[in-house]
Amino acid sequence: MNGSALLPLLLLLSSLIPALLIFALREPQAVARNCINLTGAVVKLALVAGVLWGVYRGWRFEFAYELLPDVAFSLRIDALAMLFVTLSAVLWLLTTVYAIGYLAGTPNQRRFFGFFSLCVAATVGIALAGNLFTFFLFYELLTLSTYPLVVHRGNRASLQAGRIYLAYTVAGGAVLLVGIAWLYVLVGPVGFVEQGGALRGVSEELYPALRWIFVLLVAGFAVKAALVPLHIWLPMAMVAPAPVSALLHAVAVVKAGAFGIVRVIYDVYGIDLARTLDLGSGLLLVTVATIVYGSLRALQQDDLKRRLAYSTVSQLSYIVLGASILTPAAIVGALVHLVHQGVMKITLFFCAGIFAETLGVHKVSELNGIGRRMPWTMTAFTISGFGMMALPPTAGFISKWYLGLGAVQGGYDWVLFVLLLSGLLNAAYFLPAIYRGWFGRREGEWPHERYQQRLETKASLLVPPLVTAALTLFFGLFAGWVLSPLYWAELIAQLEMGR
Amino acid sequence: MSVSPEVWLLGVCALPLLAAPTVYVLGPRCLPLLPMAVSASVLVSAVALWFRFVEKGAWTYALAGWDAPLGILWRVDATSLLMIIATALVALLVALFSQEEEAAMGGSKRAVVFWPLFLFLLGSLNALFLSGDIFNIYVSLELVSLAAVSMVVLGGSVAALRAAMRYLLIALAGSMSYLLGVGLLYALFGTLDVGLLAERMEPVAAARFAFVLMAVGLLAKTALFPLHVWLPPAHSSAPTAASALLSALVVMGSMYWLLRLWLEVFAPIMPVAFAQLLGALGALAVLWGSAMALVQRRLKLLVAYSTIAQFGYVLLLLPLTQSMAAAAAWSGGLWLLLSHAFAKSAMFLAAGLILHARRRDYLSDVVGAASQLPMAVFALGLAGLTLMGLPPSGGFVAKWLLLEASISSGQWWWVLVLIGGGFLAAGYVFSVLKPAFRGPRGAAQFAPVPHWPQAVCLAMAVISVLMGLYPAPFLEWLALAAGGAGGGG
């Protein structure tokens, strides 16, 4: 094992070690805790920057050992992995800053930050997993380490949400496990293979079984990716503190599901086999149903976080939709949306958390005039809202452009109407909130105003959404630049399509 | 190492057996130092034996020079050594925990009786694992049961006495049944040695009947469904340290021999339907034990019922070893036994701490434990991973291997059991964790608990997790042992 094999391990440890250190600290040691947390996040970003440069030059890194006879534990860095790792590393740093401000003065912070770092470690593990077995290990770790965060407040609603969350995700994990074990028994150890997939050239006798395995795998991932009808847990989990909703339920957990589906289609089955077995079309229908259903439900919600949660349900399916169309532009759209949706949705959740924390505003109907009181926050909210509607020049526009292009390439012209309809619905549930915020007239006091200083809210709460809102614009305006998600998505698509 | 291996063998077996009466005679003067030193030496001897095994391979040792078929023959191989190491490690950790006498056994008065029993149990368990003939197994099993029943009595309550009585009766009935089988086999084949029996075994009805008798006896002692009724009251009313030893080690002893006798001697002659029947009993144990655990209102009872469920999984080995996937099934099942030992003792000790801090152990008393006893609750959660079969844990590794064996041998119905059981386990594990995370109300009612007994629970739970991270070399030894024994049909 040479030095470069350690890189994937270091990426993992840069959040695992802080998690363990935080558990070892005592509750009142807030300064030490924050230092460890931020150091971990910064170290991880530095590592990511270095590795990105290497991957860009075509290097691959792998760390592996035999966990079970013939079954390896493998962490591998490839372009697709780095897309997800970079996303989570950047957002982890921002969310940590946000969470430190958000939770200041509340009990059980040790538990919170410990499990929070553990979740990030699990996410990085998912991204770097070099085979389905390793993927599963971290997938379940993510489930379990999120539970204490969902029930963090310890009240009846959060415990109930935690129960539902576990019931869904543990069941999903079990289905996934059966699928993976079956696949291993059938064809032996399955690593993720860029260009063509691991199952290329498998004998035709296995096709029926492989089709069933695909259903099991995707059903397992669909729970976390919140595909209808397995999405119920997501809106319920919104009782968690805002940083959890922001990073986990907009990015890490749900993306783990979507990312798993992408891995299975492209790196396990491979595009050719997926086309032969016609795996995409059933999935396509489910995603279309999810996109429309999520948006319709979002329209009915008055609670801001719940509205955002249903919007997540809908937006996530864009990724799976792009992955199931199986054309080059569609996969670019899917991958680029993986990043764009994360950046935009985390901004919205940050803003929702600020509204709730600073002014006690939880509902869309209470947003009247909030733009005058909190112009910066509202600006960030507006930019990301426009992104969700896919207006140019935001990042959301780029994703949708490629998805639409891919759908037409693949001969699914009708998907364009779905995208259009969803865009209209997105406008229908974001514009009223934005309109009330800027132009609504405020009557009376704010429900529960807690912060009155020169700045509109604590700096640690305000900076993260401003950064992510800026990124939303940046990714839209400079989509062709080498560090933009679009550039990487195209790079990965080239690798996967083998052009 | 120039020390002869006999010294280490006596170290794991004779030393604790001799130390037990010594500790009783010396009384409080030598407590807790002497038993601690003895259990540490047992662990050192066990590890030394393992290194010798890795170096030179398995060997047999004729006690006092009397060879089979007359004398007592000890067999030292990968499987028995792993059992002995796990037993020694669990015992040492329980001994460390028991320094906190109030929580471990309910007061220093009981320590005078507890420690001799503890050493006696440790020695007889190791004798059981080392045994090479079926009569010796009988004797060791009796010694183990005797120590175990006395430990339950140590609970002191009326419920404990009643539970101990029931345990004693069932254990004795089990021994009788087992002994009948032994007599029958001796009459048939003229030997008691396990290895010789395997060579001389013939597919005759009497031999099959003998195995049924022995299996029933061992199943009764392991508390396998439907002979499980004695276990929950016995394990839950015993003192905490004893509960951990009983649930982690004692039942593992009888299960171990059921599995070995099956694999090495009887698998080739028993009909497939019989194995399937025992597998079905295991499946019922998984479902029944988990369902009962789900409806319990008391923490220690819940943990005790989960033992029944976990041993149900292990019974699935019997049908699975009659296939091509014997090696995977065998190493998976034994790995489950081993990781269960650590996970279950961690759970019982953590539950005992909560019981100690609240004086009661209803699930409603667990409220707020996450902030009052964070390490104990963390240990419950980590140990829960093994029971649920979720990664990273030894339980997951075992479940993966059993899944693989079920799928590749085409016995897909066990897949449903493995998955459904995991789901039920998640239900009862989280029915403990859920109140633990409930708000800070009621926090004041926790009596203070020192840190280090909590740390011991956590250490045990961490071991059960580590067993899921680097099991490959041990699993290969186990798989080799299965292959060497003929690997079933």
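Every residue, even glycine, has its Cβ placed from backbone N, Cα and C.
Feature list (source: TrEMBL):
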type     : residues  : note
TRANSMEM : A:6-25    : transmembrane segment
TRANSMEM : A:37-59   : transmembrane segment
DOMAIN   : A:71-113  : domain 'NADH-Ubiquinone oxidoreductase (complex I) chain 5 N-terminal'
TRANSMEM : A:79-100  : transmembrane segment
TRANSMEM : A:112-129 : transmembrane segment
DOMAIN   : A:129-422 : domain 'NADH:quinone oxidoreductase/Mrp antiporter transmembrane'
TRANSMEM : A:164-192 : transmembrane segment
TRANSMEM : A:212-234 : transmembrane segment
TRANSMEM : A:246-266 : transmembrane segment
TRANSMEM : A:278-296 : transmembrane segment
TRANSMEM : A:316-340 : transmembrane segment
TRANSMEM : A:376-402 : transmembrane segment
TRANSMEM : A:414-438 : transmembrane segment
TRANSMEM : A:459-483 : transmembrane segment
Next on the checklist: Below 8 angstroms Cβ to Cβ, which residues of this chain, lying six or more residues outside the transmembrane segment (A:414-438), approach it?
Outcome noted: 284, 288, 291-292, 295-296, 298-299, 301, 304, 307, 311, 314, 321, 325, 364-365, 367-371, 378, 381-382, 385-386, 388-390, 400, 403-404, 407-408
Checklist outcome for this item: Secondary structure of the domain 'NADH-Ubiquinone oxidoreductase (complex I) chain 5 N-terminal' (A:71-113) by DSSP, residue by residue, totals 30 helix, 7 strand, 6 coil
Item to check | Among the ranges A:164-192, A:316-340, A:376-402, the one whose Cβ pairs under 8 Å to the transmembrane segment (A:79-100) are most numerous | outcome: A:316-340
Checklist outcome for this item: Counting Cβ pairs closer than 8 Å to the transmembrane segment (A:376-402), the top stretch among A:6-25, A:37-59, A:164-192, A:212-234, A:459-483 is A:459-483
Next on the checklist: Restricting to CB pairs under 8 Å, which listed stretch, A:37-59, A:112-129, A:459-483, is in contact most with the transmembrane segment (A:6-25)?
Outcome noted: A:112-129
Item to check | When counting Cβ pairs under 8 Å to the transmembrane segment (A:246-266), the leader among A:112-129, A:164-192, A:212-234, A:278-296, A:459-483 | outcome: A:212-234
Checklist entry - For the transmembrane segment (A:112-129), which recorded stretch in the set A:37-59, A:164-192, A:278-296, A:459-483 gives the largest number of Cβ pairs separated by under 8 Å? => result A:37-59
